[in-house]
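Notes to accompany the following structure.
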Amino acid sequence: MFWRLLITLVLASAECRTYEESCYGGVALLQSSAKEVRSSGQALKKNQAPWSDFGGLIRWTDVDNLVQRIDPAPATTTSSSLLVRVLVSTAVLVVSASLLAPFLFLLLAAGGTIAQALGWPLSSGKSNVASAAKVPDSTATVGLLPPRAKVSWPWLVTSICLVDVLLNVVFILLLLRRQEGVLESPHALLSLVMETLVGSMFFLLFARWDDQRHIITAWQVLQSIRFFLIRRTIYLNPGVFIVSMLLLLLVSSVGVVAELFVDNEVRVPPYEPKKMDFDRPAFGWLGPYADWVQSKYLRWLITAFFCVADQMVWACFLYMCTSRPEEDMEQVSDDTFKQLVRAAMLLQMVALFPFCFTHLHATYVLVKQWCDQETLLRAYRTGPYDVPMLEDELTRESVLKTRLQTHKCRSITVVVPAYMPNEEDIVLECLDAYRREEAKYPGIMRVMLVWNSPQEHTWIEQQLEELQESWPAFSVHRNHMSTSKCDNLNMAISLLETDFALFNDVDTMVSAASMCRASLHLFEENHSAVQSYLVHCWEDFSGIQEAGCFPFGAVVTGHDGVLPSLNESVYGHMQLPFCNGRGSFWRSDAIKMIGFDHRTIAEDHDAMFRAKAYYGFTGVSDINILCQEREPPDFGNVISQRTRWMNGQMQKLRALSWAVRSQHMSPFLKIYLVYMEWISRPFQGFPFILAQWAGIWVMKARATEVNPLIAVNIFEVEVKWPVFALVIYVIPLASRYAASLLASRYRPRWLGWIMSSLLVPLIYNPVRETLVRFRMLHDFLWSSKLEFVCTTRDKTPSHSPSMSPSSSFFRGPSSAKLGEQSD
């Protein structure tokens with residue numbers, strides 16, 4: 001059925017017509033109805049088309065003849081006009097956000113400065129949730145609400161659901177035989193509305209993902225296709241339009257409830273080694289149906305189909321770029337359209353509220369981080385194994401050193417997991433950096449290396465044994481049962497004897513000062529986890545990698561350094577024990593209760609969700625706790641790493657099922673997480689995406705006194721954007737971009753603006769949304785047993801343009817233990 005919808009969209013986009021009466025060049029603000037709409041209305045009156053009492057529903061008795069009279073000489077269709085429309089429409093969004101971001105940057109900076117001067121609580125110095133933090137208790141039980149009860153007759157529910165799906169298929173096939181799927185009878189439209197309402201309630205109450213599974217997904221997709229096909233009839237009545245939009249949101253919630261209220265097995269330590277986990281689920285999202293397809297070529301073909309379906313939002317954008325939204329409104333009178341556009345604006349605010357709220361919330365959090373931010377020395381000019389240092393850490397009377405006078409830094413273990421075939425060449429440099437930091441830490445600091453390998457590494461083992469003898473704080477362990485990073489981490493957790501631990505990768509550098517800050521958060525504010533803020537070295541900034549010049553690596557660094565994901569921006573502020581896999585601090589008693597589960601390749605985020613959902617543990621992200629990580633050294637490793645990350649995002653579905661059942665999380669936080677982590681999933685997100693775009697289609701169709709349009713004319717092709725939709729979309733997006741640029745450690749900022757405005761949208765995002773997403777979808781559909789493919793470590797010698805930390809400048813006050821006064 002989706003292919004029929006896709007063909008409909010393609011045919012619709014192929015009918016783009018240029019407007020002969022439009023003004024050439026520039027941007028115009030239209031305040032009156034378009035000429036073609038007025039002429040259409042006159043043609044309708046001329047033909048005396050009958051209108052019923054049901055909201056002005058027209059009976060299409062002779063559609064072909066009517067269309068010929070309205071437009072006797074249609075303009076020639078060209079594919080280039082569609083391309084221009086898409087490019088110009090995209091440019092309107094990108095350029096609007098890019099040009100608005102610098103002004104919002106100045107506004108946010110000025111506002112943050114004024115707020116600090118007035119003493120407003122933007123810069124607090126410490127977490128404001130200390131009173132709500134929960135100290136880990138090893139005797140605590142998992143706090144989850146009971147799962148949904150099973151239905152007594154699942155076969156009967158399945159039969160009813162199948163009948164509903166089949167009836168929808170038949171109805172859609174009948175609609176496709178009609179011109180534009182227009183309904184002649186108002187009673188038919190009312191029947192469809194009631195069927196959607198009754199079907200939604202039935203699926204909500206009785207359908208279960210374990211039993212009906214993709215029957216639910218098929219029903220959601222068919223409801224979306226059905227709405228699209230009868231959209232012209234729905235537009236005739238504002239009341240029916242409002243009800244239809246709300247029903248789309250209800251249909252979307254059916255998938256949320258079905259898939260997120262699954263009774264997934266609770267996962268707590270101890271975990272068996274990954275290779276001994278024989279009960280691990282073997283199927284991907286397709287479930288047991290995946291066994292029906294054994295040909296790898298057919299599997300890739302099915303993945304390609306899903307990949308096309310996954311781009312539903314772009315299909316809606318493509319449809320907006322055509323002239324079809326205007327044509328959909330040809331039969332709507334001016335008075336009805338005025339009511340319809342007001343309803344569309346209201347519904348657009350409802351549908352885009354989660355988008356606007358999350359971006360504006362992220363803006364607030366990022367501005368708050370900027371207010372707390374201390375100056376980073378040699379930002380993005382350090383070497384690969386230099387620790388990032390703040391200017392405040394070098395002064396004698398710094399805020400940090402003042403706080404450390406009354407705080408005894410707890411004992412810490414730096415846990416470094418390693419896969420030796422991948423990291424043998426750099427592990428000694430990593431350990432040497434932490435040996436220098438161990439001398440600065442004003443407490444007990446230990447370093448634990450846990451490694452695995454299918455091979456023998458005689459030379460490095462000998463070097464590690466010698467280092468262990470000469471450095472009492474260092475211990476090394478080889479995990480012969482390990483086939484994953486999780487196995488190494490869990491072995492390290494079982495050996496922990498200190499109060500808290502830092503979990504790092506081999507190429508991740510964290511300073512002793514950051515460890516002191518983490519101790520303050522964990523034991524003065526009673527949090528369970530602290531996440532560092534990621535920065536990068538000169539080699540990644542400049543794109544100088546082992547293989548030579550790597551410009552795409554510089555773009556990736558710009559994206560990671562300037563545009564953190566929404567969850568990275570807000571999760572720490574929302575008391576979630578945010579864990580990013582490296583630079584993550586955990587209290588030992590908390591991580592022993594959580595552990596790292598090898599059944600997901602996003603073991604870091606999985607641990608975060610389980611800690612909050614099971615026990616209510618809290619965490620914090622601190623802009624002044626820094627860790628320096630490395631980017632992949634070549635394009636292939638970038639794709640592999642980002643595919644693994646995106647696979648991990650999709651695997652968080654299991655963690656979300658625990659979150660929605662948690663007794664420790666508020667309803668608001670649960671809704672927030674569902675929107676952030678679930679709504680963009682393929683197929684299930686169709687109804688929600690349509691609800692977001694239908695209002696834009698309506699507003700684009702015609703200009704009124706309350707609905708001005710921005711018209712851009714390029715090469716005699718006119719592109720129109722509703723001002724209202726553009727404002728509520730661009731302003732939140734631009735504000736988050738501006739706040740990200742404000743809080744970013746990336747320097748210079750003007751280059752960061754160029755990266756985030758031009759290079760990332762044009763270079764990085766297309767790669768991520770095509771190659772990475774395609775590979776992710778293939779893994780997601782067919783298997784849950786995804787292998788953790790290690791990212792090749794870059795071995796480039798340091799080319800940093802600034803001084804080395806071994807110089808006398810950095811051997812100054814920082815060489816003494818933090819918290820002690822130097823003579």
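Positions of Cβ are set from backbone N, Cα and C atoms, glycine also.
The signal peptide feature in TrEMBL is assigned to 1-18. According to TrEMBL, the feature transmembrane segment maps to 82-108, 155-176, 188-207, 234-258, 297-322, 343-367, 721-738, 750-767. Annotation source TrEMBL lists region 'Disordered' at 797-823. According to TrEMBL, the compositional bias 'Low complexity' annotation covers 798-815.
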Beyond the flanks of the transmembrane segment (750-767) by at least 6 residues, Cβ under 8 Å: 94, 97-98, 101-102, 105, 552, 555-556, 558-559, 561-563, 639, 737, 740-741, 744
Paired segments the transmembrane segment (234-258) and the transmembrane segment (188-207) in contact, 3+ CB pairs under 8 A: yes
The transmembrane segment (82-108) vs the transmembrane segment (297-322): 3 or more CB pairs under 8 Å: yes
Two-stretch contact, the transmembrane segment (343-367) and the transmembrane segment (297-322), at least three Cβ pairs under 8 Å: no
Residues from the same chain, set at least six apart from the ends of the transmembrane segment (155-176), whose C-beta lies under 8 A from its own: 1, 4, 8, 192, 199, 202-203, 206-208, 211-212, 215-216, 218-219, 222-223, 225-226, 229-230
